[in-house]
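Here is what Swiss-Prot says about this protein:
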{"type": "BINDING", "residues": "13-19, 41-43, R306, 332-334, 415-417", "note": "GTP binding site"}
{"type": "ACT_SITE", "residues": "D14", "note": "active site, proton acceptor"}
{"type": "BINDING", "residues": "D14, G41", "note": "Mg(2+) binding site"}
{"type": "BINDING", "residues": "D14, E15, G16, K17, N39, A40, G41, H42, T130, R144, Q225, T240, R304", "note": "IMP binding site"}
{"type": "ACT_SITE", "residues": "H42", "note": "active site, proton donor"}
Amino acid sequence: MGNNVVVLGTQWGDEGKGKIVDLLTERAKYVVRYQGGHNAGHTLVINGEKTVLHLIPSGILRENVTSIIGNGVVLSPAALMKEMKGLEDRGIPVRERLLLSEACPLILDYHVALDVAREKARGAKAIGTTGRGIGPAYEDKVARRGLRVGDLFDKATFADKLKEVMEYHNFQLVNFYKAEAVDYQKVLDDVMAIADILTGMVVDVSDLLDQARKRGDFVMFEGAQGTLLDIDHGTYPYVTSSNTTAGGVATGSGLGPRYVDYVLGIIKAYSTRVGAGPFPTELFDETGEFLCKQGNEFGATTGRRRRTGWLDAVAVRRAVQINSLSGFCLTKLDVLDGLKEVKICVGYRMPDGREVTTTPLAADNWEGIEPIYETMPGWSETTFGVKERSGLPQAALNYIQRIEELTGVPVDIISTGPDRTETMILRDPFDA
């Protein structure tokens, strides 16, 4: 039996993690976000009602679940308050269910200004960030000049630290990026107005998780983005600024690494990517348009159209290696309904003619790669809303089996629609 279960994306994000976390937290006592920020977009559909969460863990809708934002998350006070208000307006007592690590770095207005200014300066080489200040906040953390939630306990010292760091960043904005300076007093006033709310939710997360482990409580760790966007293992520099992989759980929450019991990799039945960066199986034809339309592939956070393509088993195998995946949850299988044939990338043909079955790391090394496809029959029957494996078309079952063969990982959960009820749990991670 696994008490500590990690749910993370195996591709470039947008795999459908939010729904699965919400579903599995029926048995959990805690749900923990351990990396990223409000650049995430987790969509939940419960009894037909849609909820999009960016910063607050997906367990917040569960009455008996405590949601935790761990130290690996960069926290925007403004974004958190906006999200809290939206939920509280619907009668959800967020402040009774949400806890924060005092070590969370804060995202403030100058981080957003820097993010936007840098993307503009990059021009055609823009990374495609969400413009929410995520990267600059992580930079401040690593440079040891960042302000954290815990700094708000001493408001006078916080004000002094803020003044110093803003002088540094405003100098960059004005003199290098030719942008407007950010107003110090406004930033200070905005943060001070909600400081007590934030500090009132602070807890020692590492100790809490250790006590939960000793009691045998079920804990779910909710990843954001996807493995191939990891700052170290992704398609650098077209990556996010945090560790999206299973290793980020320990560093981003304070859980001891030996205590992770099961790692569930969310894998979409095809591939998508938002923003710039390598994408070997990207489709520019009518099939790509079909996947985009049928899958409603528009970002929950930015509204940007996602790039679409066939499933890339080579890239997913890299995710299997890095995360030591225990099992897959296959999502959006229903989007492939009606296609006469489906393809899986099983290798890459390099520019020099070599055939390889592993992914490069640096983005430059992906240039000129051609995907090697395996083609399988599609299916005309609908898989939407099917709740038993026996109800799936044989061609769909063959597709699932081939994914398992190519990756060496079992498909333990199959999602056939956006609602939490439209799911087959073949093996529950908490029972594995």
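From the backbone N, Cα and C atoms, a Cβ is placed for every residue, glycine too.
Features per Swiss-Prot, on structure.
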residue : record                       : Cβ within 10 Å
D14     : active site, proton acceptor : 28
K19     : GTP binding site             : 25
N39     : IMP binding site             : 28
G41     : Mg(2+) binding site          : 21
H42     : active site, proton donor    : 25
T43     : GTP binding site             : 18
T130    : IMP binding site             : 22
Q225    : IMP binding site             : 28
L333    : GTP binding site             : 24
T416    : GTP binding site             : 23
**Item:** Rounded to the nearest Å - Cα separation of T416 (GTP binding site) and T130 (IMP binding site)
**Value:** 29
**Item:** Fewest-neighbour residue among binding-site residues, criterion Cβ within 10 Å, set G13, G16
**Value:** G16
**Message:** In whole Å, how far does the CA atom of D14 (active site, proton acceptor) lie from that of the residue listed as 'active site, proton donor'?
**Reply:** 8
**Item:** Alpha-carbon distance [H42 (active site, proton donor); L333 (GTP binding site)] in Å
**Value:** 18
**Request:** Could you check which of these binding-site residues, G13, K19, G41, T43, sit within 10 Å of Q225 (IMP binding site), going Cα to Cα?
**Result:** G13, G41
**Item:** N39 (IMP binding site) and G13 (GTP binding site), Cα-Cα, nearest whole angstrom
**Value:** 11
**Message:** Are there any residues at least 6 positions away along the chain from R304 (IMP binding site) with a Cβ closer than 8 Å to its Cβ? List them or say none.
**Reply:** V274, G275, F298
**Request:** Given the recorded positions N39, G41, H42, T130, state which is nearest to K19 (GTP binding site) when distance is taken between Cα atoms.
**Result:** H42
**Asked** G16 (GTP binding site): which of the recorded positions N39, H42, T130 have a C-alpha within 10 angstroms of it?
**Response** H42
